[in-house]
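Taking it in order: structure first as structure tokens, then the write-up.
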Amino acid sequence: MVLGQPINIIKWIEENGDLLKPPVNNFCLHRGGFTIMIVGGPNERSDYHINQTPEYFYQFKGTMCLKVVDDGEFKDIFINEGDSFLLPPNVPHNPCRYENTIGIVVEQDRPAGVNDKVRWYCQKCQTVIHEVEFYLTDLGTQIKEAIVKFDADLDARTCKNCGTVNSSRRD
């Protein structure tokens, strides 16, 4: 086995910060059993990701807001600079990152047959308006692809309950 070299996170961010682009703003730094991502802000997401494995958040710079749906109730969890947070499996969550913020997120590779979901709730009445399910193999591209498709689909963005046309971008 050939081992990789340690990565100096501060230096990496200085040299590669331009790689953190909307709508997700992530870059997969390490892969293999786990994916370790550097995630910058601001991001432009209104989706809620549902992962059947836990997710670990470490806030390297600034504060982020992790919007979650906990037992049917919408809540905000603020993760401040220097804080870490372990999100349990199957919690719908929307990571809201602000300008000049940087976090590190660790996700377990998905076991065979275990799918992720990306879900959108109506921004007015909170009804589920759209959901896609897929086997996640690439955190760097697949969630972004789902967001781009949702953004282009007026029918998917229109709430059948109240008629609101929702944005794929966070207001």
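Each residue, glycine too, has its Cβ placed from N, Cα and C.
As annotated by Swiss-Prot, O2 binding site applies to R45, with the evidence given as sequence analysis. Feature annotation from Swiss-Prot assigns Fe cation binding site to H49, E55, H93; the stated evidence is sequence analysis. Taken from Swiss-Prot, the feature substrate binding site applies to E55, R97, E107. Feature annotation from Swiss-Prot assigns divalent metal cation binding site to C122, C125, C159, C162.
A map of Swiss-Prot features onto the structure.
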{"residue": "R45", "record": "O2 binding site", "CB count, 10 Å": "24"}
{"residue": "H49", "record": "Fe cation binding site", "CB count, 10 Å": "22"}
{"residue": "E55", "record": "Fe cation binding site", "CB count, 10 Å": "19"}
{"residue": "H93", "record": "Fe cation binding site", "CB count, 10 Å": "19"}
{"residue": "R97", "record": "substrate binding site", "CB count, 10 Å": "27"}
{"residue": "E107", "record": "substrate binding site", "CB count, 10 Å": "20"}
{"residue": "C122", "record": "divalent metal cation binding site", "CB count, 10 Å": "20"}
{"residue": "C125", "record": "divalent metal cation binding site", "CB count, 10 Å": "12"}
{"residue": "C159", "record": "divalent metal cation binding site", "CB count, 10 Å": "20"}
{"residue": "C162", "record": "divalent metal cation binding site", "CB count, 10 Å": "13"}
Here the binding-site residues are R45, E107, C162, and the Cα closest to that of H93 (Fe cation binding site) is found at R45
Given the substrate site E55, R97, E107, its other Cβ neighbours within 8 Å of the Cβ centroid, in chain order, are N26, M37, V39, H49, Y56, F57, L87, H93, P95, G103, V105, V106
Integer Å value for the Cα distance linking E107 (substrate binding site) with H49 (Fe cation binding site) is 12
Taking every pair from E55, R97, E107, which the record gives as binding substrate, the longest CA to CA distance in angstrom is 18
Counting only residues outside C122, C125, C159, C162 in the same chain, those with C-beta within 8 angstroms of the divalent metal cation site's C-beta centroid are Q123, K124, Q126, T127, I129, K160, N161, G163, T164, N166
Note on Fe cation: the CB centroid of H49, E55, H93 has further same-chain residues inside 8 Å, namely Y48, I50, N51, L66, L87, V91, P92, N94, P95
Cα-Cα, H49 (Fe cation binding site) versus R97 (substrate binding site), nearest Å, comes out at 15
Rounded to a whole number of Å, the separation of the Cα atoms of C122 (divalent metal cation binding site) and E55 (Fe cation binding site) comes to 25
Nearest by Cα to C162 (divalent metal cation binding site), of the binding-site residues R45, E55, R97, is R45
Check: min Cα-Cα distance from C159 (divalent metal cation binding site) over binding-site residues R45, E55, R97 goes to R45
The residue listed as 'O2 binding site' sits from C125 (divalent metal cation binding site) (Cα to Cα, rounded, in Å) at a distance of 18
